[in-house]
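Okay, these came from Swiss-Prot:
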ACT_SITE  Ser244  active site, acyl-ester intermediate
ACT_SITE  Glu376  active site, charge relay system
ACT_SITE  His489  active site, charge relay system
DISULFID  Cys95-Cys132  disulfide bond
DISULFID  Cys303-Cys312  disulfide bond
CARBOHYD  Asn323  N-linked glycosylation site
CARBOHYD  Asn386  N-linked glycosylation site
CARBOHYD  Asn524  N-linked glycosylation site
SIGNAL    1-17  signal peptide
Amino acid sequence: MKLSLVPIFALLSTAFALPVENAERDVPIEERAAAPTVTIASPAATIIGGAGATVETFAGVPFAKPPVGALRLKPPQPITSALGTIKATAQAASCPQFFFSTTINDAIPTSALGLLLNTPVFQQVLNAGEDCLYLNIQRPVGTTASSKLPVLFWIFGGGFELGGTAMYDGSSWVAESIAEGKPIIFVQVAYRVGGFGFLPGAEILADGSANLGLLDQRLGLQWVADNIAAFGGDPSKVTIWGESAGAISVFDQMALYGGDNTYKGKSLFRGAIMNSGSIVPADPVDCPKGQIIYDNVVASAGCSAAANTLTCLRGVPYSTLLNATNSVPGLLSYSSIALSYLPRPDGTALTKSPDLLLASGNWAKVPFIIGDQEDEGTIFALFQSNISTTAQLTTYFSDFFFHNAPTSVLTGLLNTYPNDLISGSPFRTLLLNNWYPQFKRLAAILGDLTFTLTRRVFLKTALKVAPTVPSWSYLSSYDYGTPVLGTFHGSDILQVFNGIKPNYAASASKAYYLSFVNTLDPNNGTSSAYANWPQYSNGAQLLNLYASFGGFISDNFRSTSYDYIVANLPSFYI
């Protein structure tokens with residue numbers, strides 16, 4: 001079977017190929033009332049936004065110099081000159097995206113296709129370019145500089161390859177915060193992804209230009225610290241929140257510079273929320289796999305013979321570099337979440353692998369919420385339909401994921417996951433949903449290693465290192481019964497962030513999160529319609545959300561696999 005996604009993505013490659021100078025910002029935001037205006041000092045600017053019925057939006061506010069020309073593949077630079085008047089009523093361009101094939105062989109069952117096409121990772125990106133470092137700010141109508149509202153700072157996901165602020169609208173969160181009497185300001189940050197933001201290699205390391213996407217996020221937080229008070233926000237009450245790569249980024253922000261999250265002597269954030277992501281054990285920027293990625297990009301860009309290959313990459317046309325960075329294996333492919341681009345230790349900003357920083361206590365110890373979807377791995381196991389035996393599964397992990405892991409360790413890991421039709425993900429579905437012979441088994445392993453059991457490692461390690469830091473955890477099951485996918489990775493964006501179904505899961509999540517943003521406790525001021533959510537330290541209980549109800553379960557499932565992962569964690573670096 002060959003499923004063509006050409007009708008869905010027909011415009012995608014065109015958008016990706018747009019040169020920077022043609023990237024347009026022509027998506028107007030409806031202005032129903034007098035335009036709200038804010039004056040900031042750092043950098044000096046007057047910012048004019050758009051007003052809706054209950055929410056004011058300032059879209060496309062620059063927080064860094066455009067990373068173009070000599071600043072391409074360089075750390076972000078703060079804006080130092082006055083900007084005059086900015087009409088912030090149109091979305092800025094998304095950062096360059098990692099495109100993928102429009103035809104997927106035997107990949108997506110038709111029963112799952114419709115749901116997947118609604119998730120942000122499958123959305124069309126019609127406006128992308130290198131000049132992309134902008135913020136979106138949304139606040140309640142009538143907010144003034146004296147309001148001092150708490151701030152929810154959103155970091156989008158997309159496997160460090162895809163995504164942008166235009167895919168997410170925080171107005172429903174602001175509106176709900178008003179309705180609940182817990183008003184907030186919602187801020188989104190853009191950051192460079194793919195090879196533009198996370199190019200590895202020894203040359204990148206020597207140049208001091210690793211993990212640019214994380215540095216973009218950090219500069220965005222610093223901009224908020226300098227300027228959010230003018231919008232009516234309280235810079236001392238910032239909560240950072242992300243999903244998937246955004247959630248991984250949240251912990252990376254907690255761990256950057258050895259856990260120093262201060263700026264001008266004050267903390268950049270006081271709380272954290274991680275939806276589907278935490279620590280990703282990773283080899284250094286100049287590891288062998290990273291160097292292969294860099295060398296392949298250099299070769300694809302025609303820079304192999306250059307005296308300085310990085311200088312060459314900075315000078316090639318935008319479309320040449322875009323195609324070169326996208327010539328390596330991508331997220332939505334056979335290699336799945338064996339990512340080409342991701343945060344890697346650089347010895348300066350991300351000083352060590354995140355798991356080591358966590359265990360050594362080198363992270364900002366702020367209260368946090370962290371959780372997962374029940375079937376995190378199903379979406380990433382759709383592309384390997386040729387795998388039908390345990391031996392092939394072992395080879396797959398050895399070839400694509402864990403190059404330094406002994407075969408015996410990989411075999412031992414697989415042995416903790418039954419090789420039958422009943423077990424595996426989507427979980428609790430008996431004989432159903434085995435898309436190919438090893439699908440449910442592979443989906444379970446991918447989901448556990450990257451998200452679910454790694455979350456448990458994160459929580460238990462954090463409790464050991466910092467037992468007084470409050471934490472809460474959840475497991476979402478609201479899409480139980482969805483064919484093939486179950487409650488899949490990214491489904492919380494549809495259910496919780498966008499609220500496409502106004503059900504218990506959506507309303508409970510918003511109530512808990514808004515209470516946390518306001519008070520650092522998801523139970524403080526939350527309606528009695530929702531149960532008291534115990535801290536993880538109180539018996540390792542997970543809030544378990546279904547579409548129409550919620551409950552609690554113990555975080556002890558798949559304990560044999562968990563124990564094995566903990567005992568062999570050094571073998572599972574990517």
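The backbone N, Cα and C atoms fix where each Cβ goes, glycine too.
Tell me about the setting of these features in this model.
Ser244 (active site, acyl-ester intermediate) falls outside any helix or strand according to DSSP and counts as coil. The Cβ of Ser244 (active site, acyl-ester intermediate) lies under 8 Å from the Cβ of Gly157, Gly158, Gly159, Asn275, Ser276, Gly277, His489, Gly490, each on the same chain and at least six residues away in sequence.
When other Cβ atoms within 10 Å of the Cβ of Glu376 (active site, charge relay system) are tallied across all protein chains shown, the result is 32. A coil conformation is recorded for Glu376 (active site, charge relay system) in the three-state DSSP classification, outside any helix or strand.
The secondary structure of Cys132 (disulfide bond), as reduced to three states from DSSP, is coil rather than helix or strand.
Within 10 Å of the C-beta of Cys312 (disulfide bond) there are 17 other C-beta atoms, taking all protein chains into account.
Residues near Asn323 (N-linked glycosylation site) in space but far in sequence (CB under 8 A, at least 6 apart, same chain), listed by position: Ser300, Ala301.
Long-range Cβ contacts of Asn386 (N-linked glycosylation site) within its own chain (separation 6+, distance under 8 Å): Gln392, Tyr436.
Taking Cβ-Cβ distances under 8 Å and a sequence gap of 6 or more within the same chain, the neighbours of Asn524 (N-linked glycosylation site) are Ser515, Asn518.
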If you count CB neighbours within 10 Å, which one among the disulfide-bonded residues Cys95, Cys132, Cys303 has the smallest count?
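Result for the disulfide-bonded residues Cys95, Cys132, Cys303: minimum number of other Cβ atoms within 10 Å at Cys303.
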Please report the distance from the Cα of Cys303 (disulfide bond) to the Cα of Glu376 (active site, charge relay system), rounded to the nearest angstrom.
39
To the nearest whole angstrom, state the Cα distance for the pair Glu376 (active site, charge relay system) and Cys95 (disulfide bond).
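Cα-Cα, rounded: 26 Å.
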Between Cys312 (disulfide bond) and Cys95 (disulfide bond), how many Å separate their Cα atoms?
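Rounded to the nearest whole number, the Cα-Cα distance is 21 Å.
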According to DSSP, folded down to helix, strand and coil, what is Asn323 (N-linked glycosylation site)?
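SS state of Asn323 (N-linked glycosylation site) = helix.
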